[in-house]
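Peer 1: Here you go, one structure.
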Amino acid sequence: MAAPENTLHSTDSPLKRQREDEVNGVSDTLSKEPQPNGLSSVIPGWFSEISPMWPGEAHSLKVEKILFQGKSDYQDVMVFQSATYGKVLILDGVIQLTERDECAYQEMITHLPLCSIPNPKKVLVIGGGDGGVLREVARHSSVEKIDICEIDKMVVDVSKEYFPDIAVGFADPRVTLNIGDGVAFLKAAPEGTYDAVIVDSSDPIGPAQELFEKPFFESVARALRPGGVVCTQAESIWLHMHIIEDIVVNCRQVFKGSVNYAWTTVPTYPSGMIGFMLCSTEGPSVDFKHPVNPIDENDSQQAARPLKFYNREIHSAAFCLPSFAKRAIASKEN
């Protein structure tokens, strides 16, 4: 049996913060009255994700049953059973994951960076309180230490209760869970500590904007060893090309190794896709497009939990961009 994770606590400010300018909720033919916790009635009905970050559109899921509703110190948390995507985790009215398609995001944000460098040993996860990224990092037998910093303990607890196949990563003995502000944790990390940093962040609006700006990336670069890598979620080419361009500019100013944009499909995310920014620090060269560190086929997790989405071919294909996105990103190279 795996040992329970080590847990440290902090009272610092949040990493995943409430989106003050969002309007999210549920459409229902029976009731649209807001409930005391700020969530609309969804029994029975449809959950709809609406935001000024994707104006003029919404994505809806048929709700079979609400399993959990709560309010943490930082955000509203809800879990419901959907008709077509299994259980769904919602934070502040925004879909974080579903049982059906979480594999695409979790596997790609993890294995794109970790399969691009030989023998990663120390990995930091910022955010990721559902445990899915931890589950995927644990597939790499070379990894000796996995630190995770998540602001909201309720997300961790709810994920363990309602998404055990995702939160299984917390049980790995290599994991140390830190409850606190990921930005502050990263600033306090000794220089050159990590081989890889994975930033599972919220969207860049409001206070979370700092997670996509130059000072944050400078903290990431400082915490990485020479030739170390970072992977952060980087929005949708269909909705946020202007944001992606700004991220590219900031990353090229900070990271003197490789800087690449990749993407994958996630049906329940806005526009049905999500992007990743992958960067490396100066040092041993990193070619993100051609993986050098395949996941061990004989790893114990492969037998019990085979990969559902990631493979070597889709790794390389993730860096193939449509012409409009390729031109926009190339225009920011100088």
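Including glycine, each Cβ sits where the backbone N, Cα and C put it.
Features from Swiss-Prot:
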type: ACT_SITE; residues: ASP200; note: active site, proton acceptor
type: BINDING; residues: GLN75, GLN106, ASP130, GLU150, ASP181, GLY182, ASP200; note: S-adenosyl 3-(methylsulfanyl)propylamine binding site
type: BINDING; residues: TYR105, ASP200, SER201, SER202, ASP203, TYR269; note: putrescine binding site
type: COMPBIAS; residues: 26-37; note: compositional bias 'Polar residues'
type: DOMAIN; residues: 44-281; note: domain 'PABS'
type: REGION; residues: 1-37; note: region 'Disordered'
Peer 1: Cα of TYR269 (putrescine binding site) to Cα of ASP181 (S-adenosyl 3-(methylsulfanyl)propylamine binding site): how many Å, rounded?
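Peer 2: Spelling it out, the Cα of TYR269 (putrescine binding site) and the Cα of ASP181 (S-adenosyl 3-(methylsulfanyl)propylamine binding site) are 25 Å apart.
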Peer 1: Helix, strand or coil for ASP130 (S-adenosyl 3-(methylsulfanyl)propylamine binding site)? Use DSSP.
Peer 2: coil
Peer 1: Compute the C-alpha separation of TYR105 (putrescine binding site) from GLU150 (S-adenosyl 3-(methylsulfanyl)propylamine binding site), stating it in Å without decimals.
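Peer 2: On Cα coordinates alone, these residues lie 18 Å apart.
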Peer 1: Indicate the candidate from ASP130, GLU150, ASP181 with the smallest number of other Cβ atoms within 10 Å of its Cβ, considering only these binding-site residues.
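Peer 2: ASP181, out of the binding-site residues ASP130, GLU150, ASP181, has the fewest neighbouring Cβ atoms within 10 Å.
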Peer 1: Given GLN75 (S-adenosyl 3-(methylsulfanyl)propylamine binding site) and SER201 (putrescine binding site), what distance in Å do their CA atoms have, once rounded to a whole number?
Peer 2: 14
Peer 1: Cα of GLU150 (S-adenosyl 3-(methylsulfanyl)propylamine binding site) to Cα of SER201 (putrescine binding site): how many Å, rounded?
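Peer 2: Spelling it out, the Cα of GLU150 (S-adenosyl 3-(methylsulfanyl)propylamine binding site) and the Cα of SER201 (putrescine binding site) are 10 Å apart.
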Peer 1: Just the number: how many Å between the Cα atoms of GLN106 (S-adenosyl 3-(methylsulfanyl)propylamine binding site) and the residue listed as 'active site, proton acceptor'?
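Peer 2: Pair distance, Cα basis, whole Å: 9 Å.
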Peer 1: Just name the winner among GLN75, GLN106, SER201, SER202 (the binding-site residues) by count of other CB atoms within 10 A of its CB.
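Peer 2: Answer returned by the neighbour count: GLN106.
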Peer 1: 10 Å Cβ neighbour count around TYR105 (putrescine binding site)?
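Peer 2: TYR105 (putrescine binding site): 25 neighbouring Cβ atoms within 10 Å.
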Peer 1: Taking just the CA atoms, what is the gap between ASP130 (S-adenosyl 3-(methylsulfanyl)propylamine binding site) and ASP203 (putrescine binding site) in Å?
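Peer 2: On Cα coordinates alone, these residues lie 17 Å apart.
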